[in-house]
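In what follows, a structure is listed as structure tokens, so that the remarks can point back to it.
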Amino acid sequence: MVTRSGHGERSAAVTAGDTASDTPAAPVIHARALAKSYPGGPAVRGVDLSVAAGETFGFLGPNGAGKTTTIAMLCTLTAPSGGRAEIAGHDVVTEAHQVRRHIGLVFQDTTLDLGLTAWENLRFHARLYGVPAAAARERARMLLDLVGLGGRRDDLVGTFSGGMKRRLEVVRALMHRPRVLFLDEPTIGLDPHTRAQIWEHLRLLRERERITVFLTTHYLDEAEHCDRIAIIDDGRIIAEGTPAELKTVVGADRIELRSSDDRAAAAQLRDLFGLEATVTERGLSVRVADGAAFVPRMCAALTVPIESVTVVRPSLDDVFFHYTGRTIREEGGR
Amino acid sequence: MTAPATAPRASRYADELAALGVVWQRDMLHYVRDRLKIVVTVLQPVLMLLALGAGLAALLPASPGGADYRTFLFPGMLVMTVQAPAISAGVALVTDRQAGFLREMIVAPVRRETLLVGRCLGGATIAACQGALLLPLAGIAHLPYDPVLLALLLGELAVVALAMTALGVLLAVTITRTESFYAVLSVLTMPLIFLSGAMFPVQGLPGWLSWAVLINPVSYAVDALRRTITGYLPGPVPPQLFDGPRWGGWSPPVALELAGIAVLGAVMLVWASRRFGRLG
């Protein structure tokens, strides 16, 4: 009885997926109970994902949390040992060929051929993906212009800077008009200026292509660019939502306060508002739900002269710490 | 959305063929761009032919037809010229794996076997081109500049090149540890050439060495080329120098030698493709 109903559910889901892939509401990435075990133990323990068309989805987690394995399964590079996943309505195991047509990949380490020119790299990719020659030339011209590499089309990639290589890789991944662009640490190892530049180009490309982006990053300020975020730890997704939603879970804003007498101010905060302030080297720090609304009330109530007040909104670093008990940079950047 | 899912079979083959072509083309681009490598790779056999050839030719009597040690050495040097670039097709595969470019290829919607065969064809073409660069020196070895002979030699070189490329690629996909791969390569290439009759006649070798020559596929490649050459020489050649491997007194015909090499190459290529398809 149980097995029978389970079987029926599954085939129903398949047909629903096939017909629904034409409607815009159908998720472009869909994973259910996706799992992977290695001889050393489980790496991913049942991940559910649903990413809508046009969404930018950030996938965060400490090292060894299962990020890379999950991406590898979604990209058909590793076979799942349990569960299933579909990209653009195609199963990653039984229709790997179709999935590959619909995804573009940018890996952490460069996968460009440094001995070829930018255009030769793009042409190679286009022919591998069956893009007609004329269309490939036109698309390469448009995309290279968009990321500011129009003038370097015929230069050897070996002469490119790190940021230029990254941009070229993004262009290459988009040559065959994929539905989903996977970016594994797209800005790792780049200086802040170049990182900002890459994000600006990604924003332009997303506007232009209406593409779904699935990315991992160690820079949580970059995760702010995402529409939605999932945090994975120990092979399970432990939090999911928009950056704003996740920050609400962590809750409170933090107010940093400098006064002429921190001890007296702390006592008044406790007596008047019932708040426990902690003393830091920059003065007092106190957590409240809505910092902006609290500041005028606090300033009116405290009799101790106040020198400065700062409201700090919770960052994704706080969110990450809240869920994993670690800061993401403890992992050493890789 | 379902239209590309049910792409007709014919277009699938066309896609695979296009992929094969572009993998081959990439190898060619790398080849023509590295002029220094072209020159250096062909320089070693040229020096051997000139120095070793001249030195030993003085010791051995020339035949009435003009064939001497250099004539004997020439096919051996052709095989040597082809061997180095052919084996480096395997090296290129390892380099691609290290540089990350291999990932760009294996995530493409193309069969892995196609990628590997394209690679082999590229390596074999490069190797045959390198061999062709040596052909203009035929006169030094007293070969007639007969276009038919040169075309035959080039064709035979292409077969030998493909088989050797398959060997290099098979090693590359079998030995995934880079250091071990290079170690095996350097240990393997030397005896393959030395025990093939490329540099000295195989007739006078002691028992166990003559067995090594008989099981060495390169011996038959050298012998096939050498017998093709002697067929175009004006006079007879000294048999103690030019006799190739014999199976109990019987010399296998040139066609059989080449067919054997081709079959061996094909088997290694299929084996390598299978392994490459399974690699994670």
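The backbone N, Cα and C atoms fix where each Cβ goes, glycine too.
Features reported for this protein in TrEMBL:
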DOMAIN    B:36-279  domain 'ABC transmembrane type-2'
TRANSMEM  B:38-60  transmembrane segment
TRANSMEM  B:72-95  transmembrane segment
TRANSMEM  B:116-143  transmembrane segment
TRANSMEM  B:149-173  transmembrane segment
TRANSMEM  B:180-200  transmembrane segment
TRANSMEM  B:254-272  transmembrane segment
Contacting positions for the transmembrane segment (B:116-143) when only residues 6+ beyond its ends and CB under 8 Å are counted: 19-24, 26-28, 31, 38, 41-42, 45-46, 49-50, 53, 66-68, 70-71, 73-74, 77-78, 81-86, 88-90, 92-93, 149-150, 153-154, 157-158, 161-162, 164-166, 168-169, 173, 229, 232-233, 269, 272-273, 276
Closest-packing stretch to the transmembrane segment (B:72-95), where packing means Cβ pairs under 8 Å, from B:38-60, B:149-173, B:180-200: B:149-173
Remote residues contacting the transmembrane segment (B:149-173) - C-beta distance under 8 A, at least 6 residues beyond either end: 78-79, 82-83, 85-91, 93-94, 116, 119-121, 123-125, 127-128, 131-132, 135, 138, 143, 181, 184-185, 188, 217, 221, 224-225, 228-229, 232, 258, 261-262, 264-266, 268-269, 271-272, 275-276, 279
For the transmembrane segment (B:180-200), distant same-chain residues with Cβ under 8 A (at least six beyond the ends): 52, 73, 75-77, 79-80, 83, 87, 90-91, 94, 168, 171-172, 209, 212-213, 216, 218-219, 221-223, 226, 244-245
Distant-in-sequence neighbours of the transmembrane segment (B:38-60), which means Cβ under 8 A and at least six residues beyond its ends: 31, 68-70, 73-74, 77-78, 80-81, 84-85, 130, 133-134, 137, 140-141, 199, 238, 241
